[in-house]
Every structure is written in structure tokens, then in C-alpha cells.
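S.K.: Got a structure here, written out as C-alpha cells. Questions coming.
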Amino acid sequence: MGNCCPGSGDAEPASSDASTGNGSSSFKAGASPSSAPAQNKPPAPIGPVLGRPMEDVRSIYTIGKELGRGQFGVTSLCTHKATGQKFACKTIAKRKLSTKEDVEDVRREVQIMYHLAGQPNVVELKGAYEDKQSVHLVMELCAGGELFDRIIAKGHYTERAAASLLRTIVEIIHTCHSLGVIHRDLKPENFLLLSKDEDAPLKATDFGLSVFFKQGEVFKDIVGSAYYIAPEVLKRSYGPEADIWSVGVILYILLCGVPPFWAESEHGIFNSILRGQVDFTSDPWPRISASAKDLVRKMLNSDPKKRISAYEVLNHPWIKEDGEAPDTPLDNAVMNRLKQFRAMNQFKKAALRVIAGCLSEEEIRGLKEMFKSMDSDNSGTITVDELRKGLSKQGTKLTEAEVQQLMEAADADGNGTIDYDEFITATMHMNRMDREEHLYTAFQYFDKDNSGCISKEELEQALREKGLLDGRDIKDIISEVDADNDGRIDYSEFAAMMRKGNPEANPKKRRDVVI
């Protein structure tokens, strides 16, 4: 992976500051400096994931309420026992780390976060701990909400405000690239506000898919979130330029309220990205400045070699402080679309949390065995005929159309066969999103009175329980999902919403916990 950091056991910087909780087994919060060391205490065993002595995070922090939950773990509020300072603790269950690649991914996430330590707009990793059951990452707590929250809270919006936000984002990416790191999952949800103060800094978070890179190194695995994935990622040949594309998509959304590449399915979104046709004719684009459109075009150039760099973005006249970005308010429709786009993402997040709990560890393991049994000629790839026969033998009830859909979605390189990674990615995606029982389980979570419909009150109650929405967003969701305009969401409307442009492109690789 071109790592430019030391091994995971050496990644953590030394510190004697108790408030950092730096995971060093030589210091316990609250211990007296004059305390005599324990006699004949056996050394702690070395953890297989982090490669250093295991330590109980609860000896330093009090773990509090759950903040978020994902397929691979839970994020909780935690409090440092000695100082009372609050942090976020991301806990990854070791039983979920079933492959060597999984373990390496966690190690790399820790290495990268320590490598970026001290950068003012990157969430700081305070400590990494490992016990017998889990790995715990204690991080700076960002309590101010997501990127769009600041825009929506102000109630008015200008190109100059968008330029200011984008400048911070690109400065973060420029720093990452200068330090040899590609983020690979840039999206509005991964930029959080440190607090609810108006001048609170914006922080980049979620480095679970990030990698170290060397100049000229080429990556091939498809990772990220569908709307924001660069075309060269889908072609399995990319470098740091892919981050610029993702930020270009964010800029497009900031200016008009919707993504530039849209379709009814993830596969359709990918096709739209590969076509690369960006709409600058629909409202509000005729009223957006020429300078803003010029920057978007340069960031969304389908050829990564011709795409503008982070340094060049920062020197573009539109993004510069007191530059060309006009200070006149953007169309109210842009604000409404932003609210709706954010609200829909939040609704899906809540539903995905329910669905994530439906896919068992046994199902994941079973998918690996399924691939082996389908690959009848042991070629390492399977054809559509092998897929059809294999699914039938497994007793999986899929229609011919669903088999074809699976094949098309999985065959990322378009060569007519799917390899192991493509198969696991696509089948896990189907298990999480398209299986009827999983969707229905999620629907029932919202349908509190079992009436067969989700009312405004039920939706508000469920999302408030998850801490995801305030009341202003409920109307936006209802109006978007409620196809028959009866003021409620029935199962067919819910299922259509869940299947529309699912944002997760590679669930197999993901270890992030959605907050």
C-alpha cells in the first residue's frame, strides 16, 4: 500500500498527557506519580490487531451512550476519568475482522490518523486500544453536526459561503496529499463541525478507507460512496486525483442542491459517472457565476491527468478569500434541495442501521463458500451461467432479472465474468439492501403502530430516537418519498427510497460507523 509510516506498534506518538489517553500501557489515568509498581505483574499479551500490549480502554475512559452504529461496530460517547473531557469511542469487534486484509485495514486507519495528528481540520485520534474482544479508537468529539447543518442553520446562502466551505475542505485534502494520504471516501457526511458555535472549525473524519500512497502508485479496489466515486475508481486504476473528483461533486451539490450524477440505482449512478455529462443548464445553473462553473468543470474532468490538483484549486480565483465568488444569495430552491438531500441521507442512515444488524457473520462467511462452489472450473472467476446454476443449487430464490442485475452490478470491469472480490461486494450489497425481509424489518422499525404506513409522527419519533433529525426535516422527507401524496409512507414507497441510489459502494471494505 506504499505505507510511509512505521509499523502499527510504533505508530503512536509518545505522550505523558493523561488527557490524550494515548493507549500506552506505561500510564494509567489517576495513578499517583509516587505509586510503587505492581510486583511480579505479568506483561500484557500483545494484541494481534494493533501489535502492542493489550489494554482495557475502560481503565482510562468511562464509556457512555451510543452515538452511532454500523455493520462493523459502535461509536459511543466516552469520558476521560481523570479530566472529565468527553470524546467519541469507535469500537470495532475483532470477530468481524475475519481476514488478514480486515486486520490490515484497521492498522492502516490507526496509522493514518496518527500520521495526520496536529492538522487543525482533521479529527484527532486520542488513543488506540485493544482488548480480547475489540479494538477501540478514542477520537475528538465533533458535536456540531455535519457540513450541511451549518448551511441550513443559517437559513441563507451565497456562492461566497460555498467558496469558504470548499476552501477548508480542499486545504484538508491538500494536506493529506502532501503527507502521502488519499482519503477515498470524501462526502459531506465525513466533514463534521467541532461544536455548535458559529465559528466552530470543520473537521475531516472517517479514514477507514484511506491509504498511504507514493507518487505514481496505482490503486485498483473500488471503495467509497456511490455519488462521489471518480470514474477512474470504477475503472480500477486511480490515485489521489480521485479525491479531487469527490470534492468537485461536493461543490456541485453545494451550488445546486443535488448530485451531478443521479440514477434510480447504484449501477445507474456508476454508468452516469462513466458518461461524465455534467448538467449546467437546469436551474439554478444559469444564475451561478461563470467562475464557479469553471472550477466545477476542472474538478469533474473525467481524465484524471487533466483534472485540476488541490494546489491549483486553492489558487483558482473563485475559491480565493475575497475572490470572484459573489456574495448575493443563491436561489431558495438550492437551500430546499440541500435540506431534502441531507434529510434523505439521514433517513437512509437510520434504516441502514437496522439492516446492518440483519446480516449475520455466518451469512458473510457463507458468501465466501458460495463463491467457491459456484466456480465450477476453479478459474477464480464465475460466468453468468455459473452464477445462475450456483444460486439455484444454493436454494437462493432470485428471478432471472435479479440474477442478471447481480451480474451487471458485480462485473465492474465489464469483462463478462466476476471475480471473488466483485462477487462478495455485490452479494453483500444485495443482502444488506435488496433482500425483502431486511427491508421489511427496517420498515417495521419506523411503523411503530403496525398500520402498514409510516406517519409523520412515527418518522419523527424514530429519527429523534436515533438523534439524526430535527423536526424541520420531516416534511422534506415525506414530500420526497410519498409518491401518492397521502401524507404517509407505505412499504412500497419506503422500499423504492431504499433502493434508489444506495450510497454504499463497497460494504465489504467499509468499517466506518455512521453517526
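Quick reminder: no glycine exception, Cβ is built from N, Cα and C everywhere.
Okay, these came from Swiss-Prot:
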| type | residues | note |
| --- | --- | --- |
| REGION | 1-51 | region 'Disordered' |
| DOMAIN | 61-319 | domain 'Protein kinase' |
| REGION | 325-355 | region 'Autoinhibitory domain' |
| DOMAIN | 362-397 | domain 'EF-hand 1' |
| BINDING | D375, D377, S379, T381, E386 | Ca(2+) 1 binding site |
| DOMAIN | 398-433 | domain 'EF-hand 2' |
| DOMAIN | 434-469 | domain 'EF-hand 3' |
| BINDING | D482, D484, D486, R488, E493 | Ca(2+) 4 binding site |
S.K.: Sort out the sequence-distant neighbours of D486 (Ca(2+) 4 binding site) for me: same chain, 6+ apart, CB within less than 8 Å of its CB, listed by position.
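M.R.: Counting only residues 6 or more apart in sequence, D486 (Ca(2+) 4 binding site) has no Cβ neighbour under 8 Å.
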S.K.: According to DSSP, does T381 (Ca(2+) 1 binding site) fall in a helix, a strand, or coil?
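M.R.: In the DSSP reduction, T381 (Ca(2+) 1 binding site) maps to strand.
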S.K.: Just counting, how many other CB atoms are there within 10 A of the CB of T381 (Ca(2+) 1 binding site)?
M.R.: 17
S.K.: Out of D482, D484, R488, E493, the binding-site residues in the record, which is closest to S379 (Ca(2+) 1 binding site) when you go by Cα distance?
M.R.: E493
S.K.: Specify all same-chain residues, apart from the site residues D375, D377, S379, T381, E386, whose Cβ lies within 8 angstroms of the center of the Cβ atoms of the Ca(2+) 1 site, ordered by sequence.
M.R.: M374, S376, N378, G380, I382, T383, T417
S.K.: Should D484 (Ca(2+) 4 binding site) be counted as helix, strand, or coil on the basis of DSSP?
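M.R.: For D484 (Ca(2+) 4 binding site) - judged by DSSP and reduced to three states - the answer is coil.
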S.K.: Report the same-chain neighbours of D375 (Ca(2+) 1 binding site): residues 6+ apart in sequence with Cβ closer than 8 Å to its Cβ, ordered by sequence.
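M.R.: Counting only residues 6 or more apart in sequence, the Cβ neighbours of D375 (Ca(2+) 1 binding site) under 8 Å are T381, I382, E386.
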S.K.: Could you name the residues, excluding D482, D484, D486, R488, E493, of the same chain that surround the Ca(2+) 4 site, i.e. Cβ within 8 Å of the Cβ centre of those residues, in sequence order?
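M.R.: What remains near the Cβ centre is C453, I478, V481, A483, N485, G487, I489, D490.
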S.K.: Do you know offhand how many angstrom separate D482 (Ca(2+) 4 binding site) and D377 (Ca(2+) 1 binding site) by C-alpha?
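M.R.: Each residue's Cα considered, D482 (Ca(2+) 4 binding site) and D377 (Ca(2+) 1 binding site) end up 48 Å apart.
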S.K.: In angstrom units, rounded to an integer, how far apart are the Cα atoms of D377 (Ca(2+) 1 binding site) and D484 (Ca(2+) 4 binding site)?
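M.R.: Answer for this pair: 50 Å between alpha carbons.
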